[in-house]
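S.K.: Here it is, the structure, as structure tokens.
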Amino acid sequence: MNLEDIYRDAGAYLKGHFLLSSANHSEYYLQSAKVLENPILAGKLADELFEVIKNAGVEFDSVCSPALGGILAGYELARAGAKRFIFTERVEKVMSLRRGFSVAKGEKFIICEDIITTGGSALESAKIIEELGGVVVGFAALANRGFCKVHNMRNEGKSSCKLPADKPLFALGNFEFEIYTPEECPLCKTGSKAIKPGSRGN
């Protein structure tokens, strides 16, 4: 299953000038919602991701995703493994666990996103789980944007990755796009204005 082809076929591999949730800019953006709007395809991707985690010997009880982008991917991963699913969400810009969700002491979690860039939102979710007595055994995503090392791939992680080095990240694909600070962005220097398509913008 070629993830890049899947994103292109779904119209989810976007080219333009994008403002990322990290406040950095990129010429490319992966709009996973366009892939996950197809329940059959979403299920197939989640089944494959679950098999990757299972084959690595990582056992978990539940899946937690940061809202909004990670919810569909995380729910489908939980379905694939017949696990419980919960999600965290931002309340006044602070990641929180609400809606009656609870975490049992020692409960093992995979934190699942649709896309991992630097892993900031996933790390925020992981900290909440651990503060409540849960155990984060790994991270998962449909796609990695090239900053974090993926356990089931041969890419090298970068210093900007925020995920802990002692916990594995599993993904179905690795996309390496150039990302720029607003001050260094060559697209801005041509007069182009970045648009914000991501989860924190709309």
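Positions of Cβ are set from backbone N, Cα and C atoms, glycine also.
The following feature annotations were taken from Swiss-Prot:
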- Lys93, Glu113, Asp114, Ile115, Ile116, Thr117, Thr118, Gly119, Gly120, Ser121: 5-phospho-alpha-D-ribose 1-diphosphate binding site (BINDING)
- Thr117, Arg145: orotate binding site (BINDING)
S.K.: Pick out which of the binding-site residues Thr117, Thr118 has the most other Cβ atoms within 10 Å of its own Cβ.
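M.R.: Of the binding-site residues Thr117, Thr118, the most buried by Cβ count within 10 Å is Thr117.
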S.K.: If you count Cβ atoms within 10 Å of each one, which of the binding-site residues Lys93, Arg145 comes out on top?
M.R.: Arg145
S.K.: Within 10 Å of Arg145 (orotate binding site) (Cα-Cα), which of the binding-site residues Lys93, Asp114, Ile116, Thr118, Gly120?
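M.R.: Close binding-site residues: Ile116, Thr118.
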S.K.: By Cβ count within 10 Å, point out the most packed of the binding-site residues listed: Asp114, Gly120.
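M.R.: Checking each of Asp114, Gly120, the winner is Asp114.
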